[in-house]
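Structure record follows, encoded as structure tokens.
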Amino acid sequence: MGISNKLRLSSRMLHRRILYSSARSFTTSEGHRPTIVHKRSLDILHDPWFNKGTAFTMTERDRLDLRGLLPPSVMDSEQQIQRFMTDLKRLEEQARDGPSDPNALAKWRILNRLHDRNETMYYKVLIANIEEYAPIVYTPTVGLVCQNYSGLFRRPRGMYFSSEDRGEMMSMVYNWPAEQVDMIVVTDGSRILGLGDLGIHGIGISVGKLDLYVAAAGINPQRVLPVMIDVGTNNEKLLKDPMYLGLQQHRLENDEYIDVIDEFMEAVFTRWPHVIVQFEDFQSKWAFKLLQRYRNRYRMFNDDVQGTAGVAIAGLLGAVRAQGRPMLDFPKMKIVVAGAGSAGIGVLNTARKTMARMLGNTETAFESAQSQFWVVDAQGLITEGRDNIDPEALPFARKTKEMERQGLREGASLVEVVREVKPDVLLGLSAVGGLFSKEVLEAMKGSTSTRPAIFAMSNPTKNAECTAQEAFSILGDNIIFASGSPFKNVDLGNGHVGHCNQGNNMYLFPGIGLGVLLSGTPIVSDGMLQAAAECLAAYMSEEEVLKGIIYPQISSIRDITKRIAAAVIKEAIEEDLVGGYREMDARELKKLNEEELMAYVENNMWSPEYPTLVYKDD
């Protein structure tokens, strides 16, 4: 290469670095580009991707044949938000379908109507009020939405693939109008939150998750796709409901089921080779099988298995810090886990790997880590003496003779296990509301920990193993409390506060998805998930964790996501899996320092600003 060419290349790379390291406005570089549209007049106003409502400038109104179709006053986006928020507060009660309709569902309806007509405005409102509205668009309200989805359905959002579409999915996928899709959230509706088989109603969870990918991670909303795979339902109520919108047949099983999912995965990755697919709320028997089947072939992960595990690990590491100990003391923690479904086993596997890595990643380290867990399911304590143990739970089955020495047996109750083990942590992933009864919580008083931890992680709220009030009222203020759904902090009197930490998956999955996208990695590795969890655990200051605060405020979600995405990219570089993204190739990505990497992530996060629209005839 000649000297002049080398100089030009150096200059180009330096210019790009300056771009990444310089301060930028709230909008990304992508947001500053004019957007070419192929429609005008009412077609624009009826398209939520491009509609700006009263924010269209007079120049745009002339250019797009909108003059006279809108009131003459031009409003900026802040004025629009002010108008919407005023209307929302006024309409919340009016939108209710009688006194039995929860206020949260009324809020969801109003927000959904905004989403239907103006996506940019919707996400601007959601981001600005994320702490208030995340529980509306995601858990716990999304569970209520899914339960009532046939009645709430107004406008299709996402795609529906069914077992009746076998042989057609490769062509069907081209019906979606977006040329590029970065993120897909897919469910089969078989295990929505802790509510069981909701069939096609499960599409609500895919929509809700992607709303958070946009709000928290800045994934462009025009490049996300919610998907429902309808293979039937075993919910007898839905099978008999004449208003049900899905297939009214029992679920496919065995190879027939696998064939449908295989065809879907092949179709979406054929059209969009670089898409990331997040599996959501698949029942346990399929969650692990599908994860193992696809994780080394496609860019995919399962949030119930891997995301829940990562958030729980971050909380457990935070609980260690809250005792004034270093995170490296985690392998010494005794943990009783209530629940052996996909979430419970996912947490167990990740926690074991984390402990083993801290102990040196040897065979002895894995055995030592395994001995720190006692798993209790609906049949009680799992030991090697049980018949037909789930293969996924088998590594955590306790030895029968060892349990006899501890005064325990196969099938021992949760309260018996807590009394005998005296654990540092009681971790609930059972989806059984109230499982941590007064008797179980009283038994935790015998914990050998200086500051025991109660993790009631099941969703939605009614499935939480206990409430924050119950835990603090029985165990006092010297505990760590975390839950999957939001609870208010508990006033303990004398100026003391019992902090309720919401261990919400939204702390992790947006950052994992963004990091995978921007790194260009072909797979989502265990190391990346581990890096994400450790980044979240380290986010809280020492002062905060000593107060019992182990998870950050939801209002910080975009900053958290940015840091987690950077951690995922760094791990991809470490594992030599980085492939680059757009103009940033793998070689240049590896050269970015910490500050430049953070800027690179931030500059690729979409923000809800109206683009300039330019009409072009097809």
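Cβ coordinates come from backbone N, Cα and C, glycine included.
Here TrEMBL flags 115-295 as domain 'Malic enzyme N-terminal'. Per TrEMBL, active site, proton donor is recorded for Tyr138. What TrEMBL lists as (S)-malate binding site is Arg191, Asn459, Asn504. Sequence annotations record features per position, and here TrEMBL assigns active site, proton acceptor to Lys209. Positions annotated as divalent metal cation binding site by TrEMBL: Glu280, Asp281, Asp304. The annotation domain 'Malic enzyme NAD-binding' is assigned in TrEMBL to 305-573.
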Surrounding CB atoms that lie within 10 Å of the CB of Asn459 ((S)-malate binding site), all protein chains: 25
Cα within 10 Å of Lys209 (active site, proton acceptor) - qualifying recorded positions among Tyr138, Glu280, Asp281: Tyr138, Glu280
Neighbour tally for Asn504 ((S)-malate binding site), based on other Cβ positions within 10 Å of its Cβ: 26
Most crowded position, judged by CB atoms within 10 A, among Arg191, Lys209 as recorded positions: Lys209
Count of other CB atoms lying within 10 Å of the CB belonging to Glu280 (divalent metal cation binding site): 27
Spatial separation of Arg191 ((S)-malate binding site) from Glu280 (divalent metal cation binding site) - C-alpha basis, Å: 9
Nearest-integer angstrom distance between the alpha carbons (Cα) of the residue listed as 'active site, proton donor' and Asp304 (divalent metal cation binding site): 14
Confidence summary (mean pLDDT) of the domain 'Malic enzyme N-terminal' (115-295): 93
Neighbours of Glu280, Asp281, Asp304 excl. site residues, C-beta within 8 Å of centre, divalent metal cation: Thr187, Arg191, Ile192, Ile205, Phe279, Phe282, Ala287, Asn302, Asp303
Neighbour tally for Asp304 (divalent metal cation binding site), based on other Cβ positions within 10 Å of its Cβ: 25
Residues that sit under 8 angstroms from Asp281 (divalent metal cation binding site) by C-beta distance, when 6+ apart in the chain: Thr187, Asp188, Gly189, Ser190, Arg191, Ile192, Leu193, Gly202, Ile205, Asp304
Distance in Å spanning the most remote Cα pair of Arg191, Asn459, Asn504, given for (S)-malate: 18
